[in-house]
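Peer 1: Here you go, one structure.
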C-alpha cells in the first residue's frame, strides 16, 4: 500500500513555480538567466504598510484572530467594495484567508460534490483545474484563443452549460493573458446566467487595479446586482500593493457560502497571520496614490515588450488591457529546427529552447491549458525586460526555416 494518496493522481505541481525553481537553480550555478516567469510585482511593499506590520509586532498583536479574519479587516474590505465597486456586503459575507489561492480552495472544497462541473475558459491560471479536481469537481475547458481576444463569449458559455454545471470562473484582468472583460461583455454573460439559475460564478479580480489605456474595470456583481447571491468575488492585496509574500486574500459571497468556507478554513490553517492582517488593513485604508503610477509603469513595460516581440515573424501578440503578462502565440515556430538540430514541436520545447539559447525563462502555454503560446511576465526592470526580449528575438532569428514536423524541405 502506497503512503501517497491516489488523490494526487488527478493533480500536478504548479508549472509556473517549477519554472521559477529551475531559474533560481541556474542563477545559483552562475548562469546569466533573465527570469520572466514569476507572477509578482517588481516593486516593494509600500513603507506605510510595512510600518503597520512592525507596529503590530511591537504592540504584541501576535495571537489568534477570528478564523474568517478580524472584524477590522473585514470592515476595510466592506468599505473597499462600497468605495470602489459600489457594492454593499455585510461582515458575515466576507472571508479572509492565507492568500487568494486559499480563498478559491476553500470555495471549491465547501461547494463542490463529485460530478459537479466548473466551466474554466482557457487559457487559465494554472491552479484552477487542480483545485477543482481536488474538490472532486470536474473542470470543463472552453478554448478562448487569441482569435477570441482570450475571452469567453456569451454564446460559448451557453453552449458549455449543462444541468451539472455549478460554477463558471471569470478572471479579469486575466493571468496569463491580461485580457479584461468590458461592461458589455460582462453584461452579455449575465444575460446567459439569468437563464440558468443553478450556475454560480467565481469572479477572480486580483488584478483589478492593474489596468491600462484608460480601461474601465467592472466586476460582475457590480453589473448584475440581481445575481449577487450567485456571484463569489475573490480579491486580495498581493498584486496592487506588492504583498505576494504577506499571504492575504479575501472573498465575498452569500452568508451560507462564507459560513461553509469558514468551517473548511477552521480545519486547515485557521486564521490568516495576525500581523499580515494588520498590514492589509493599512493597505486598504491607507494612501492609494501609488496604484495608478505603478499601473502606468507596467503599461510602459507592456508597450516595450510588445514593440520588440512584434518584430518576430513567428509571433502573434495580443495587447492586454491589464495585469503584467503577455501571452504570445508562437505555433508558427513549431516544426522548425534549432541550431543543434532539435525540432521544436510544442510550447514546452520552445520554452526549453529559450532557456538554453537565450537564457530567458518563460512559461509554456500548455501550462495554462492552451498549446501554441508562451507567457512572459514583464514585472521586471525596463533594462532587464528589453534585454530579455532582444534575446528572445535573436534566438528566434537563428532557428531554421527549412525544416518542419511534416518533413517539408
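If you go along the chain as it appears here, the first residue is 1 and each next one adds 1.
A Cβ is built for glycine as well, from the same backbone N, Cα and C atoms used for every other residue.
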Peer 1: Name the one residue among 375, 391, 394 that Swiss-Prot lists for the same L-aspartate site as 39, 125, 175.
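Peer 2: So, going by the record in Swiss-Prot, that would be 375.
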Peer 1: Would you list the other residues of this chain near L-aspartate - those whose C-beta lies within 8 angstroms of the C-beta centroid of 39, 125, 175, 375 - in sequence order?
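Peer 2: Along the chain, the qualifying residues are 16, 126, 174, 176, 323, 325, 363, 368, 377.
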Peer 1: Using Cα-Cα distances with a 10 Å cut-off, which of the binding-site residues 39, 125, 375 are near residue 239 (N6-(pyridoxal phosphate)lysine)?
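Peer 2: Qualifying among 39, 125, 375: 39.
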Peer 1: Same-chain residues six or more away whose CB lies under 8 A from the CB of residue 375 (L-aspartate binding site)?
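Peer 2: Set apart from residue 375 (L-aspartate binding site) by at least 6 residues yet with Cβ under 8 Å, we have 37, 176, 325, 326, 327, 328, 362, 363, 364, 365, 367, 368.
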Peer 1: Near residue 12 (site 'Important for prephenate aminotransferase activity'), which residues of its chain come within a Cβ-Cβ distance under 8 Å, counting only those 6 or more away in sequence?
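Peer 2: When sequence neighbours closer than 6 are ignored, residue 12 (site 'Important for prephenate aminotransferase activity') has 130 within Cβ distance under 8 Å.
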